[in-house]
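Features as listed in TrEMBL:
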type: DOMAIN; residues: 39-114; note: domain 'Ig-like'
type: DOMAIN; residues: 121-203; note: domain 'Ig-like'
type: DOMAIN; residues: 229-313; note: domain 'Ig-like'
type: DOMAIN; residues: 328-424; note: domain 'Ig-like'
type: DOMAIN; residues: 430-529; note: domain 'Ig-like'
type: DOMAIN; residues: 536-624; note: domain 'Ig-like'
type: DOMAIN; residues: 736-895; note: domain 'MAM'
type: SIGNAL; residues: 1-24; note: signal peptide
Amino acid sequence: LDVVVLMICVRLALTFRIVHSGQACNVEEERYSERVYTIREGETLELQCLVTGHPRPQIRWTKTAGGASDRQGDSALLNETLRIESIDRHQGGRYYCKADNGLASPAIRSIRVDVYYLDDPVITVHQSVGEAKEHFYFERTVFLRCVANSNPPVLYTWRRGRSLLTQGSDSGVEIYEPFFTQGETKILKLKNLRPQDYADYTCISSIRNVCGIVDKSALFSLNNRTAPPSIKLLLDDPLVVNPGETVTLVCVASGGDPPPTLAWARAGEEELPKRSVINGGTLTVPAITIDDGGAYSCVASNNVGNPAKKSTTILVRGLRKGRFWITPDPYHNDDNIQIGREVKISCQVEATPPEELQFSWLKNGRPLRSSERMVITHTDTDVSPGTTNLDIIDLKFTDFGTYTCVASLRNGGIPEVSIDVNISSTTVPPELTVPRGRSHLIAQEGDTVDLQCLVSGKPKPIILWSRAEESGAAAAAPAASMPDGLAQTESYDGVLRISNVTREMSGTYRCQTSQYNGFNVKPREALIQLVVQFPPTVEPVYTEVRQALGRAFSLTCRLLRAHPARLLRYEWKLGSRLLTVGEFSDQKDDTSYLVRALNREGYGEYTCDITNDAGAGRCTFLVTGKAYAPEFYHDTFSALWQNRPRVYGFKLQWTQMEPGAVDRILAYRLGIRQVGARIPMEGNIQKGELLTYNLTELVKPESYLIRLTPITRYGEGDATERIITYTPVNPHLREFQCGFEDEALCLFSQDKSDEFDWTRHTLTSGFYMYIETSRPRLEGDKARLISPTFNMNSRGSSPSSSSSSSFTYCFAFFYHMYGKHTGALNVFLRQKGPSPSDTSVWTLTGNQGDRWRQAKVDIHPTTAFQMVLEGVRGSGIEGDIAIDDVTIEEGDCKDPPPNNLRSLAPPTSPHIWQLCITLSLAVIGQRR
């Protein structure tokens with residue numbers, strides 16, 4: 001087996017295009033080369049990137065926002081084919097295919113996807129402002145507005161009964177579209193309402209059957225009873241209930257024609273309680289809670305006038321958030337309670353409804369009434385939360401004791417709230433301190449740490465923890481949040497516990513006394529500094545280094561961050577063998593290890609550990625002599641040839657990635673069909689050099705898995721795999737003929753870049769191919785059928801007299817072109833090469849009669865070639881095109897029909913296909 005080395009540096013620029021398949025309604029080119037692909041909502045979108053380039057590029061699909069786009073389209077799809085099943089309107093927009101093989105700039109192409117849809121229309125009825133009365137359809141002017149969401153813009157038609165209404169057809173009717181909603185609404189104006197205007201009105205919305213979307217309609221019956229909705233609520237407002245009760249809200253329609261529909265909603269778009277049950281206009285909420293309270297609205301709509309709306313409020317009785325505070329001598333700047341001075345006790349509770357809130361006071365369990373020295377006051381019931389104050393004037397020893405504030409609701413049914421406040425010689429304002437040695441804490445990342453503030457005083461207040469702003473921070477910068485994400489955290493014992501502490505939790509923490517449940521004095525506070533130590537963060541964490549024997553190279557481990565950042569040590573190892581140790585200086589943030597001349601013992605895993613008091617960070621370097629993977633070349637010209645009948649050869653080509661990084665590549669190990677082979681290499685391989693190896697003796701199957709592995713003196717390198725597939729060429733063209741009798745279509749294939757496909761049709765007597773021209777096909781849409789590849793038969797044919805380098809073959813086929821809308825049938829010769837080109841060799845347009853005809857044409861290929869049969873849709877649906885019995889023979893065509901056309905007698909076997917014209921089967925003329 002010979003190896004051919006071509007000294008060609010191959011790094012192809014990327015070229016590609018986007019093609020489609022599936023159920024497109026239309027694909028068209030707009031200005032500035034923008035491609036627009038239209039598809040019906042609910043169908044399957046399938047786009048494919050056809051890419052050439054070397055090395056083989058990576059394909060990435062992305063989507064920009066388009067219309068009411070969902071941003072999920074921005075997530076990338078790494079595949080040549082983009083497929084979206086059951087596409088919806090929000091998925092329309094511009095889709096980008098990006099191909100990148102690491103050379104120069106990526107190649108990018110885009111296509112805009114336009115999703116077509118049509119919603120059911122809705123008719124709403126209004127009267128001109130200022131004339132409306134209770135039954136305003138006895139008045140003069142009525143407007144019927146029709147609205148339908150669609151893409152493309154909708155076309156509206158109005159009917160009254162069975163009669164079509166148009167502008168000017170009735171002096172009492174005007175039809176117009178508001179300029180600000182062009183294409184979205186259609187308004188029918190009935191002027192000076194007449195008896196004949198009381199009728200059934202139908203609005204028909206249409207997008208002209210594009211994508212096969214049928215018209216939709218809505219009906220409205222206008223009569224002298226037509227009126228907007230009105231409703232009433234059968235309940236109290238507000239509705240006051242106790243927790244746990246079942247609440248029923250009843251809304252009934254008191255007017256409106258057509259009968260309105262009723263719906264319940266909460267204020268602020270808040271959801272209805274999950275336990276609630278709706279039955280028509282009745283809303284039932286079982287076991288109601290305080291959170292279920294609020295405003296509820298009943299809305300009635302019948303598309304006449306404006307919806308009717310009435311609201312009520314549910315008040316769920318309850319008491320919440322009871323708290324107190326002590327104010328020592330409000331008239332003196334003193335934080336302590338003193339005999340002979342005043343002291344005030346305040347009690348606060350949130351109540352629903354607030355007007356039912358009432359307070360009472362007890363001293364040592366006995367009722368306490370307001371007097372000259374014990375003054376009891378309450379805030380107005382309109383103020384929420386409600387507050388009561390007990391002022392003790394000229395405090396005496398006999399006033400010491402336990403004072404109880406009792407909050408209740410006037411009508412009962414709700415448990416009372418009692419708050420005890422002790423006033424005695426031991427009642428003192430709070431003091432806040434930090435235990436000795438606990439104001440500066442050092443913790444390791446991942447530890448659990450307790451921050452503690454000692455609070456004294458009676459009563460003992462709640463402690464609030466927060467993050468203090470760091471010195472030097474920007475004035476506008478917000479303070480950092482607590483570990484639980486909140487701005488403040490409450491603590492009843494003065495301890496803040498942080499589990500699994502992280503470096504982001506380093507900083508200053510503030511503890512301070514709460515205003516509530518304690519003295520109403522200036523808050524006491526203290527600060528605690530928390531320092532979180534963490535091991536060094538280094539880079540690279542892991543990297544692979546490929547080197548040849550005898551070379552010098554260095555490995556560098558960089559320090560990114562660490563705490564503490566002083567007294568850092570490093571340690572280099574190869575496997576378990578210690579290489580060197582040292583310490584970092586204050587000015588240095590990396591360490592390097594130099595290998596002066598790599599030997600075989602120098603291959604392996606190098607590690608660098610950088611350590612501080614909190615732990616170590618490790619850089620790992622795998623030094624290896626493995627060669628990089630080869631990169632297959634996928635655009636080989638004339639890669640397939642034939643050795644003998646049914647035995648083929650394939651030209652395999654590749655380049656070597658970074659051949660100079662390691663020792664010289666001695667050979668490649670070739671794996672194919674589990675049979676290994678060795679491909680020797682002479683001399684050094686240059687970067688970008690195209691290497692060639694001929695695979696021979698290829699028989700069925702026609703698909704092989706190829707694995708290629710470079711070999712150096714170090715050993716085997718990285719392998720790369722490729723699946724090659726091929727279509728057998730015809731060894732003797734005089735043998736080729738195709739009647740499309742087998743499902744493989746004689747190895748003909750459908751072109752992926754056209755608008756639609758040829759269809760295979762069968763009868764009991766045979767098969768043929770035809771193009772279906774009914775909807776959604778549009779004028780000018782093309783369907784292409786491509787033959788298998790044929791090699792030049794240099795031994796069996798002689799060059800034509802017209803060219804010393806070409807051969808002559810006769811291409812023949814039968815065709816049927818019948819119908820007044822028949823389009824065109826074209827034949828192209830496609831020759832293989834670096835830039836394949838199509839040359840027109842035969843064309844015919846228009847109706848050719850209801851019978852089969854034969855066409856023959858001489859072709860003169862100079863290299864391997866294919867034949868392309870293209871059907872073009874005409875101006876309507878009456879004109880399908882069919883082909884059959886395709887042959888290729890060596891030499892000139894014998895007795896060709898005049899102008900390459902000839903009518904033949906009917907065949908013995910009939911050929912029939914379906915014409916989508918009148919929903920019936922049309923029989924096409926027979927031929928022999």
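Any Cβ shown, glycine's included, is placed from N, Cα and C.
The domain 'Ig-like' (536-624) and the domain 'MAM' (736-895) are not in contact, since fewer than 3 Cβ pairs between them lie under 8 Å (pairs 6 or more apart in sequence). Along the domain 'Ig-like' (229-313), the predicted structure has mean pLDDT 94.
Within the domain 'Ig-like' (430-529), the DSSP-based counts of helix, strand and coil residues read 3 helix, 44 strand, 53 coil. Helix, strand and coil counts from DSSP across the domain 'Ig-like' (229-313) read 6 helix, 47 strand, 32 coil. For the domain 'Ig-like' (536-624), the DSSP counts in helix, strand and coil order read 3 helix, 58 strand, 28 coil.
Shown for the domain 'Ig-like' (328-424): DSSP residue counts in helix, strand and coil, namely 6 helix, 49 strand, 42 coil.
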